[in-house]
Amino acid sequence: MNVNYQPGQKIFWSGRSSNPDLGALYWCQKIDFIHVNDLNEDTKIDIALLGYVCDEGVKRNQGRIGASQGPKALRERLGKLAVHHNKHIADIGDVICVEHDMESCQIALSKAVSKLITQKIFPIVIGGGHDMAYGHFMGIWDAVKSTAKKRIGIINFDAHFDLRPVETTPNSGTPFNQIISELKKTNQSVDYFAIGIQQQSNTKQLFSIAASKQANYVFNYDCDTSVENLKTLKNRLIPFIKKNDYLYITIDLDAFSSAYAPGVSAPSPMGFTPFFLFKLLPFLFQTNKVITCDIAELNPTLDIDNSTANLAAILVDFIVGLK
């Protein structure tokens, strides 16, 4: 398999120094490092960070490359944040795309995610193009498909459906179509709910595909922090949540307004604010069904003053606090 693996390293985590008598005050002091091959039933960690160093899918989708540098940029910003949790968290490193072989990188990601879930460790995957969603989901599926509880609902915060059919090779615009098609081969199904969809960024064909796949979706116009809109959205999510055993949350940073997230391949001023997501995530995690999550499309080469990297890092910190 044409893919590289790089274990987590202290050199990628930097931040303020502080009095050691006060304990770990910053992420860079708190984070541990474990090789993926050393994970076993005796591993005492709660949450694992795993990088997906690949933007080949973005390139294939005619996007702007640079997201392969996302995991490194996120770690650099996360290391500087103050710690307010008591979770045991480990950086287990990166799966790295080699010679444009995105498919092997997805397989490596899938194997790592499956191993983490089997060991009851909560994965947070950082990318990297949104093509990682296919590998991520297949890792979840591998871990639960033989169990009594195996119905998975995907909640995708995204400006795009990413339901494009695979015409020549898979890319960052095809993962959820691939997932639905893959499960259909064994008469299984998956529920899909996209939040933040921008009509101007999705063709009529994609809306037709979404309808044919019975996808749920909410337009970006309805993604704000008003009590009324949040209540309406939660009421739509409740039956979706009830019918699934697990939730896989995937966050494409291009769902945010470019005022907050300029560092993505396809920025838009019409995305939602971070506060919308911070209001909704607690509701989802309180269900105790969230099995894993990821943050996609961080492109540091397009970022402005590390705004997008900081947002992604704060998201990771916020999610850890919810666990």
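Cβ coordinates are placed from backbone N, Cα and C, and glycine is handled just like the others.
According to TrEMBL, ASP158, HIS160, ASP162, ASP252, ASP254 bind Mn(2+) 1; the candidate from HIS130, HIS136 that the record adds to this site is HIS130. Under the three-state DSSP scheme, ASP254 (Mn(2+) 1 binding site) falls in the helix class. The Cβ of ASP254 (Mn(2+) 1 binding site) has 28 neighbouring Cβ atoms from other residues within 10 Å, across all protein chains displayed.
Across the binding-site residues listed here (HIS130, HIS160), the residue whose Cβ sits among the most other Cβ atoms within 10 Å is HIS130.
Secondary structure at HIS130 (Mn(2+) 1 binding site), as computed by DSSP, is coil.
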